[in-house]
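Engineer: Below is a structure I'd like to ask you about.
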Amino acid sequence: MQNYTLKDIALAVSGKLMGNPDVSVSHLIIDSRSAASPNDSIFFAIQGIHHDGHKFIADLYQKGIRSFVAVQKALPDFSKFADANFIFVENTLDALQSLAAFHRRRFSYPVVGITGSNGKTVVKEWATQLMHGEKKVVRSPRSYNSQVGVPLSVWLMSPENDVAIFEAGISKPSEMHRLEHILIPDIGIITNIGAAHQENFNTLRQKLQEKMILFEHSKVIIYQIDNSLINEEVHNIPLKGKQLFTWGTSKDASLTILKKEVAAHTMLTLSYAQETFTAEIPFTDDASVENAMHSISLLLVLGFTPELIEERVKKLIPVAMRLEQKEGINNCTIINDSYNSDISSLTIALNLLNNQKFSKRTLILSDIFQSGKSNQELYSEVARLVKEKQVDKIIGIGTAISANEAQFTGIEKRFFTSTDDFLHSYHKEDFANEAILLKGSRSFQFERISRQLERQIHQTVLEINLNALVNNLNYFRSLVKPTTKFVAMVKAFSYGSGFYEIASMLQYQRVDYLAVAFADEGVELREAGITMPIIVLNAEPGSFDLMISYNLEPEIYSKTALTRFRDAAVRAGVTCYPIHVKLDTGMHRLGFIEEDIDELIAFLKDDEQLKISSIFSHLAASDEAIHDDFTNQQISLFSRLSSRIIDKLGYHINRHILNSAGIERFPSAEFDMVRLGIGLYGVSAANQPKLEMVSTLRSTIVQTKDIPPHESVGYGRKGKVETPKRIATIPIGYADGLNRRLSNGVGKIMVKGKLAPIIGNICMDTCMIDITDIDAHEGDEVTIFGENPTIMDIASWIGTIPYEILTGISRRVKRIYIQE
Ligand SMILES: *Cc1c(COP(=O)(O)O)cnc(C)c1O
């Protein structure tokens with residue numbers, strides 16, 4: 001394991017060390033959640049647009065961390081952290097990168113740098129699979145390819161390895177230069193070039209040129225010769241001292257595809273250095289073939305023989321790109337990460353486990369292969385991690401981990417030599433109310449365990465992409481001043497996307513407030529462990545006592561509510577309790593009107609029980625340009641009325657009026673705070689392409705059948721069949737939230753890339769679609785909404801708004817959360 005003294009690090013990052021130069025550290029942390037091994041960790045307080053690592057220093061100090069890389073200006077009172085060591089630098093990200101660059105230069109084994117728009121992770125993982133047993137590969141965990149991810153990946157390099165494979169990704173000009181300086185890859189791969197992250201580049205060519213900066217010092221560049229843009233641009237860079245290794249159908253390629261046959265697999269006949277060999281790729285889609293060809297090319301460059309490649313390519317297995325989190329039996333949560341297993345991905349997965357609300361955390365772990373360490377060393381490290389991440393129970397599967405059973409102390413444990421062994425003694429009752437992480441090497445087939453542990457309900461699921469949620473939040477943050485506070489709307493089950501998982505992500509992202517519609521929603525969040533401020537919008541007097549005891553802050557919209565809430569505050573004996581005053585500026589739903597203002601001021605002036613935390617109002621038509629005059633009137637009325645209150649009360653009060661569409665269309669009315677709702681979930685009033693859909697509703701075909709002419713489909717015989725048709729039945733109906741107005745061809749469902757019209761009336765639990773022109777079968781997945789069709793499409797088909805589609809998905813539909 002890498003081990004540096006603070007003196008070494010201060011030198012490498014050109015920083016000023018205040019503290020003990022001889023302390024040595026081996027873990028870099030940038031995320032306050034991963035304070036695993038405090039004694040030998042150093043925290044880099046990275047400053048981003050929305051994050052400032054310096055805010056976590058006090059927290060981490062509490063957790064026992066004593067070494068920090070920070071900016072002195074950002075930490076004026078650092079002396080209060082007695083016995084902590086600080087390395088002060090100008091810029092902490094630069095420092096992290098300098099340290100990685102320094103570390104990288106200690107190794108002389110080949111470093112491979114992969115860039116390109118798609119396929120980086122798969123090429124990296126497949127090349128590693130193909131080299132298994134021959135080379136000890138160190139590689140980026142998952143897709144750590146950013147300005148922060150690359151240094152953290154490079155940090156994993158150690159003398160035991162003999163090849164390194166890292167991804168490099170960029171989203172704007174000038175970034176690649178920094179990554180190149182860290183990685184200086186000996187071998188470069190450019191997978192392809194597409195429109196991802198295009199917004200900051202003028203042309204595809206400009207982005208490609210930027211990516212190729214990665215190869216500035218490379219000795220070999222691998223790419224597909226048939227891609228004319230790449231081929232052209234490669235020849236525009238100085239090629240002195242560089243070898244080009246190309247693949248493609250051209251006979252000029254270093255590795256030529258002579259023949260391609262696609263059946264159940266893709267069979268390629270290849271020619272390389274006068275030798276002909278075959279590659280049987282167990283996939284048929286073009287992207288997989290491209291990824292496999294890049295991996296094969298890399299192996300050839302590294303000196304592997306066609307014979308070995310021929311034999312191994314057949315066994316390539318799919319790469320799971322993300323951790324899957326599912327509902328399990330007996331109220332468990334299952335985190336499935338059973339495609340690869342190594343210490344760094346184990347650490348990432350354990351961090352996720354550690355963040356679960358469950359009081360009990362279980363790890364099911366197989367033998368870890370190819371760690372480059374002795375089993376003794378390896379499992380003592382695993383045991384240390386398991387303890388630090390507060391795992392309560394470990395189930396070890398495999399002969400090696402079982403042999404090291406004694407290393408796991410102070411923990412509930414069971415060991416099995418094989419997955420079969422485990423399944424034989426498996427009882428459903430052994431698991432309840434716990435978060436279970438499944439982490440296994442591929443050969444252990446942990447998917448068999450996961451099938452047992454997952455709750456089996458119907459085949460319709462709503463998939464929630466938490467990364468998309470964060471992306472959307474950051475997009476809205478970019479529209480307003482960095483100091484503007486955010487209220488995230490999680491009312492109505494977070495617009496249908498779920499409760500705790502969404503709230504806890506927003507809490508982690510340091511949103512300022514959550515807002516729910518009713519008190520019981522707030523109580524549910526508190527019970528699940530959400531500690532951040534929560535506003536209750538439709539606060540009913542009957543729930544005021546409950547709200548105070550759960551520290552929920554009410555929206556106060558009338559004189560009655562104000563008096564009743566004050567009574568509750570007196571009963572509870574609280575003072576200065578924060579309330580949020582709602583003004584009606586034109587929506588005419590809830591709120592004080594202009595005539596009430598004097599009375600409101602008189603009531604609250606010098607009041608001891610209540611304190612206005614914010615004043616707000618709601619726009620009636622912020623998304624419709626024809627009403628912009630009205631919206632502007634609302635804004636100026638709000639500005640005038642709220643100023644009057646603030647002037648009279650004489651203390652600071654936050655003001656807010658913008659909802660999602662308001663933030664996009666009237667950002668100058670941001671005041672102190674904004675309320676983000678539907679935008680968070682991916683719907684834009686301005687058709688903003690930077691927003692990503694958070695929810696995808698999927699189901700599965702459970703039956704197909706051929707219907708002869710003159711028959712009909714479904715209730716009321718509404719689905720008339722005039723010509724022979726093939727139909728498929730899907731287990732989703734109006735009780736799941738598939739609006740019945742989508743019946744009879746109004747709605748369409750995506751099957752195998754084509755839209756299949758709904759035929760006949762939608763039933764309560766099922767519907768039928770017309771797949772006459774689509775080659776679809778029982779068991780095929782279908783998409784009700786997601787990227788295509790979108791919730792906007794569905795809303796327009798039946799003349800409603802996306803809000804209704806999203807919030808209409810009933811709670812019986814299983815939610816699956818994914819997070820990269
Ligand atoms: C729901 C709601 C919002 C959020 O509106 P979106 O259009 O979803 O952004 C904001 N403010 C109030 C008072 C709301 O009720």
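Placed from the backbone N, Cα and C atoms, the Cβ positions cover glycine too.
Per TrEMBL, active site, proton acceptor is recorded for LYS491, TYR715. The N6-(pyridoxal phosphate)lysine annotation in TrEMBL covers LYS491. What TrEMBL records for ARG589, MET764 is substrate binding site. The domain 'Alanine racemase C-terminal' feature in TrEMBL is assigned to 694-818.
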Engineer: Quick one, of the recorded positions LYS491, ARG589, which Cβ has the fewest other Cβ within 10 Å?
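Structural biologist: If we count Cβ atoms within 10 Å for the recorded positions LYS491, ARG589, the smallest count is at ARG589.
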Engineer: Write out how many residues of the domain 'Alanine racemase C-terminal' (694-818) are helix, how many strand and how many coil, based on DSSP.
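Structural biologist: Helix, strand, coil within the domain 'Alanine racemase C-terminal' (694-818): 22 helix, 44 strand, 59 coil.
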Engineer: Long-range same-chain neighbours of TYR715 (active site, proton acceptor), Cβ under 8 Å, sequence gap at least 6?
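Structural biologist: Long-range Cβ contacts: GLY760, ASN761, CYS763.
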Engineer: Give me the CA-CA distance between MET764 (substrate binding site) and LYS491 (active site, proton acceptor), in Å, as a whole number.
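Structural biologist: Just about 26 Å between their Cα atoms.
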Engineer: Fill in the CA-CA distance, ARG589 (substrate binding site) to LYS491 (active site, proton acceptor), as an integer in Å.
Structural biologist: 17
Engineer: With H, G and I counted as helix, E and B as strand and the rest as coil, say where DSSP puts LYS491 (active site, proton acceptor).
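Structural biologist: DSSP call for LYS491 (active site, proton acceptor): helix.
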Engineer: If you average per-residue pLDDT over the domain 'Alanine racemase C-terminal' (694-818), what number do you get?
Structural biologist: 94
